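According to TrEMBL, the feature active site, proton acceptor maps to His204. TrEMBL lists Gly35, Ala36, Ser37, Gly38, Gly39, Ile40, Gly41, Asp61, Asn121, Ile144, Ser145, Asn146, Met255 with the feature NAD(+) binding site. Under the heading substrate binding site, TrEMBL lists Arg108, Arg114, Asn146, Arg180. Per TrEMBL, domain 'Lactate/malate dehydrogenase N-terminal' is recorded for 30-172. The annotation domain 'Lactate/malate dehydrogenase C-terminal' is assigned in TrEMBL to 174-337.
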Amino acid sequence: MLSRIARPAAATGAGALRRGIATSAQNNAKVAVLGASGGIGQPLSLLLKNSPLVSKLSLYDIAHTPGVAADLSHIETKASVKGFMGPQQLPECLKGCNVVVIPAGVPRKPGMTRDDLFNTNASIVATLTSACAKHCPEAMICIISNPVNSTIPITSEVFKKHGVYNPKKIFGVTTLDIVRANTFVAELKGLDPAQVSVPVIGGHAGKTIIPLISQCTPKVDFPHDQLIKLTGRIQEAGTEVVQAKAGAGSATLSMAYAGARFVFSLLNAINGKEGVIECAFVRSDETESPYFSTPLLLGKNGIEKNLGIGKITSFEQQMVADAMSELKASVKKGEEFAKSFK
């Protein structure tokens, strides 16, 4: 049974998913998944249902949600599950939520960039976050919908419009980049991936994804040519999946895992667990980009402290510099969209 098979939790963030599945910690958290019937939403909802950190699971989509909710409700864990379908049911779905996770939107297809998703997903995210601002303004908002480099600025502007903006509670979920970096480094070095922790900073698209291999725990070294190849693979890992699925979608299962890991870290922090650190794309003063992903110390009210970039190599410094123009352009695109959104 899933709730019994967790391995010992690692000291790194990778242990968060296992702690979320197999912990005796009790919590009365209500978590909503908006886009729960989709390729990410369904496996994400399954992982959340299996966590004792979640007492109420609120599922929303524009189709099929009652069936997904009925299916999950048969699983022998304590979280109650309720499905909501269509805009008229969204307010009830969000009422009383502690955490809202938004994977809603269209997936990438071969040849598409994350930015190609902007026109469709920007409207979806603006609509859903507007409902969050109205009906659960105090909730932690976790955005998975791409392009994250633009959808987080959209979310911030929407919350500002409603007068309930709190930058400590709005997160762009970049955890999949960390999960991939941990996995790829572990494969190359013959390590247990659960014991590897690589911070990934910047954004969540192409060259804005900046893995800090120099800060890896345990310490690892790669020849420069291998480091370039590894970095490129981490940056383009999403495209690797899109191409392998040959038009049938993008990363859904690994993204669901990563999304659940982030939510469990957040719930553990809300519960008072100390020392919970995850990277996420947030409002930031760390660089000239107004939004930037860095390791964050999480607490009961969201971001307790931005831990910053730390000491990095000249290779990594150059990556940060190279990412700036794209990051700032993506942020500006999101902000301008939000300002014109009715």
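Here the Cβ of each residue, glycine as well, is placed from N, Cα and C on the backbone.
Around the Cβ of Arg108 (substrate binding site), the number of neighbouring Cβ atoms within 10 Å comes to 20. Using DSSP to sort the residues of the domain 'Lactate/malate dehydrogenase N-terminal' (30-172) gives these counts of helix, strand and coil: 65 helix, 30 strand, 48 coil.
Take the mean position of the Cβ atoms of Arg108, Arg114, Asn146, Arg180, the recorded substrate site; other residues of that chain with a Cβ within 8 Å of it are Pro147, His204, Ala205, Gly238, Thr239, Val242, Ser250, Ala251. Cα-Cα distance from Ser37 (NAD(+) binding site) to Arg180 (substrate binding site): 25 Å (rounded to the nearest whole number). For Gly35 (NAD(+) binding site), applying a Cβ distance below 8 Å and a minimum sequence separation of six or more within one chain yields Gly41, Tyr60, Asp61, Ile102, Pro103, Ala104, Gly105, Ser145.
In sequence order, His204 are the recorded positions from Gly39, His204, Met255 with a C-alpha within 10 Å of the C-alpha of Arg114 (substrate binding site).
Distance between Cα atoms for the residue listed as 'active site, proton acceptor' and Arg180 (substrate binding site): 12 Å, as a whole number.
Note on the domain 'Lactate/malate dehydrogenase N-terminal' (30-172): its mean pLDDT in the predicted model is 96. With the fewest other Cβ atoms inside 10 Å of its Cβ, the least crowded of the binding-site residues Ser37, Ser145, Asn146 in this structure is Ser37. The most crowded of the recorded positions listed here (Arg114, Arg180, His204) is His204, judged by how many other CB atoms sit within 10 Å of its own CB. Of all residue pairs in the substrate-binding list (Arg108, Arg114, Asn146, Arg180), the one with the greatest Cα separation is 18 Å apart. Asn121 (NAD(+) binding site) is surrounded by 24 other CB atoms, counting those within 10 A of its CB over all protein chains shown. Arg180 (substrate binding site) is 24 Å away from Asn121 (NAD(+) binding site) when you measure Cα to Cα. Of Arg108, Asn146, Arg180, all annotated as binding-site residues, the residue with the shortest Cα distance to Gly39 (NAD(+) binding site) is Arg108. Shown are the binding-site residues Gly39, Gly41; the one with the most C-beta atoms within 10 angstroms of its own C-beta is Gly41.
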